[in-house]
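Trainee: So Swiss-Prot has the following annotated:
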BINDING   Arg23, Glu84, Arg123, Lys461  (6S)-5-formyl-5,6,7,8-tetrahydrofolate binding site
DOMAIN    216-383  domain 'TrmE-type G'
BINDING   226-231, 245-251, 270-273  GTP binding site
BINDING   Asn226, Thr245, Ile247, Thr250  K(+) binding site
BINDING   Ser230, Thr251  Mg(2+) binding site
Amino acid sequence: MLYDDTIAAIATPPGEGGIGIVRISGRDALKILERIFVPVRPGRWKPYQMRYGRVVDQNGAVVDEALAVFMRGPRSFTAEDTAEISVHGGPLVVERVLQQALAAGARAAAPGEFTMRAFLNGRIDLAQAEATLDIITARTTTALALAEAQLGGWLSQELHRIRDLLMDPLAYCTALVDFPEDEVDPQDIETPLTAAVQALDALVASAQHGIIYRQGARAALIGRPNAGKSSLLNALLRVDRAIVTPIPGTTRDTLEETASLGGVPVVLTDTAGIVESDDPVERLGVARSRQAVRLADLALLVVDVSLPVADDDREIVALTEEKRTILTLNKIDLIDADRSIIAARQREYEQIRGKAFDAMVTVSALTGQGLDELGATVARLLLGAPIAADGRLVTNARHRDALARAADHARDALTGFQQGVSPDLLAVDLTAAINAIGEVTGESVGEDLLHAIFSRFCIGK
């Protein structure tokens, strides 16, 4: 694929909206803009100034009123000459404007090609490019803050610092291969290597939280029919997503929606009440409920606190034996939050389970009481600790894996040096560590990987 031609794409989401934007980037961006856009006030284009006019077709017929701006490279997103045309947000209008740009000499952009050009032109590195996608797909304010911090360059700066720590020992090892008679202070190799290993280990450890914030987790709501699972789902989502009736068994299939709980995007699965049934549809729903529990990172055992334990509860509780589980005592509004009843229910269910639950929370899906505590408890069990104050977490599994390999190679080099391994073998590990870091920043990646990464972007980004 060429990267020195001019591309165009619709940069706004499909469908109707207030405006639609067509983006053009490449060496002929201004020429194409001048062919299809006629400003009301003629004159030379001044970069970064919005102009009002009309988009016209090849015959001069007006396509739509528009606002257009031209940005001179490298002071643009792609670091190339770029034009953006804003028109009315009807899908037909926006598509017609795009077709005029293509007819005037632009090529239809591939998914993520604008961001790829920003990377290839050195405006951002690969970690920052991937952060752009994370900003678009962020489902919680915490995930958004982490993505914005990565786009701001903290990870790139830290990796360049670590790379520099590895480069000096590599230079010493290379010199010792060529000039073995030279003497090197051991601290000149051991000190930066130790610092690099510690820094890489810290980044890898941060991914345990960061990936959850970015990708989310899964939680299954399980319990008897009419325990209030669907009502609780609706309350956590703050919308009426699941059908709720007083009739037990209303939910006969699993239903999934994503909620932000304690800053963590959690896919909540509302399951059918687990009971013995001769109804084939209900039995299928129960089977899917069991599957949902198996796939979940966490289970919420939803209990109607006003009712005593029943025989059906034993089978339900058994599903939680190998799963982190929150005993969620619902409908506390029916018992006026009577502590003696709450304690009795907790004791009864723990006796059935044979051990304590990972947490117990009292809630009322009807009044909203306890929902914030439930969300915080879910986040605590998933994360184990609150987010770092500076928000500097590795959030991408690809980055974590590459940095883990870098840490292993750097550690092997450090251990090898302490054990007197020859400099040429140390250089192999140091080079491998530096290359693994380059897989994150983009300094040592192939074209296939780049296409795999950028193909996940939408067209126009």
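Including glycine, each Cβ sits where the backbone N, Cα and C put it.
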Trainee: Take every residue in the domain 'TrmE-type G' (216-383), average their pLDDT values, and give the whole-number result.
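Mentor: Over the domain 'TrmE-type G' (216-383), the predicted model scores a mean pLDDT of 84.
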Trainee: Over the residue list Arg23, Glu84, Arg123, Lys461, recorded for (6S)-5-formyl-5,6,7,8-tetrahydrofolate, what is the maximum interresidue Cα distance in Å?
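Mentor: Greatest Cα-Cα span of the listed binding residues: 19 Å.
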Trainee: Consider the binding-site residues Asn226, Lys229, Ser230 and say which one has the Cα lying nearest the Cα of Glu84 ((6S)-5-formyl-5,6,7,8-tetrahydrofolate binding site).
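Mentor: For Glu84 ((6S)-5-formyl-5,6,7,8-tetrahydrofolate binding site), the closest Cα among Asn226, Lys229, Ser230 is found at Ser230.
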Trainee: Reported as an integer number of Å, what is the Cα distance between Lys461 ((6S)-5-formyl-5,6,7,8-tetrahydrofolate binding site) and Lys229 (GTP binding site)?
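Mentor: Distance between the two Cα atoms comes out at 40 Å.
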Trainee: Helix, strand or coil: which one is Asn226 (GTP binding site) in, per DSSP?
Mentor: coil
Trainee: DSSP three-state call for Glu84 ((6S)-5-formyl-5,6,7,8-tetrahydrofolate binding site): helix, strand or coil?
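Mentor: Glu84 ((6S)-5-formyl-5,6,7,8-tetrahydrofolate binding site) sits in a strand per DSSP.
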Trainee: Cα distance, Arg123 ((6S)-5-formyl-5,6,7,8-tetrahydrofolate binding site) to Asn226 (GTP binding site), nearest Å?
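Mentor: Cα-Cα distance, Asn226 (GTP binding site) to Arg123 ((6S)-5-formyl-5,6,7,8-tetrahydrofolate binding site): 56 Å.
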Trainee: Using the alpha carbons only, what distance in Å do you get between Arg123 ((6S)-5-formyl-5,6,7,8-tetrahydrofolate binding site) and Ser230 (Mg(2+) binding site) once rounded?
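Mentor: Distance (Cα to Cα, whole Å): 48 Å.
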Trainee: Could you list the residues of the same chain, at least six apart in sequence, whose Cβ is under 8 A from the Cβ of Arg23 ((6S)-5-formyl-5,6,7,8-tetrahydrofolate binding site)?
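Mentor: Same-chain residues close to Arg23 ((6S)-5-formyl-5,6,7,8-tetrahydrofolate binding site) (Cβ under 8 Å, separated by 6 or more) are Ala8, Ala9, Ile10, Ala11, Thr82, Ala83, Glu84, Ala109, Phe114, Gly460.
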Trainee: DSSP on Arg23 ((6S)-5-formyl-5,6,7,8-tetrahydrofolate binding site), three-state: which is it?
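Mentor: Once the DSSP labels are grouped into three classes, Arg23 ((6S)-5-formyl-5,6,7,8-tetrahydrofolate binding site) ends up as strand.
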Trainee: Select one residue from Asn226, Ser230: among these binding-site residues, choose the one with the most other Cβ atoms within 10 Å of its Cβ.
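Mentor: Answer by Cβ density within 10 Å: Ser230.
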Trainee: Got a sec? Which of these binding-site residues, Arg123, Lys229, Lys461, has the most Cβ atoms within 10 Å?
Mentor: Lys229
Trainee: What number of additional C-beta atoms lies within 10 angstroms of the C-beta atom of Glu84 ((6S)-5-formyl-5,6,7,8-tetrahydrofolate binding site)?
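Mentor: I count 20 other Cβ atoms within 10 Å of it.
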Trainee: Using DSSP and three states only, what is Lys461 ((6S)-5-formyl-5,6,7,8-tetrahydrofolate binding site)?
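Mentor: Lys461 ((6S)-5-formyl-5,6,7,8-tetrahydrofolate binding site) sits in coil per DSSP, no helix or strand.
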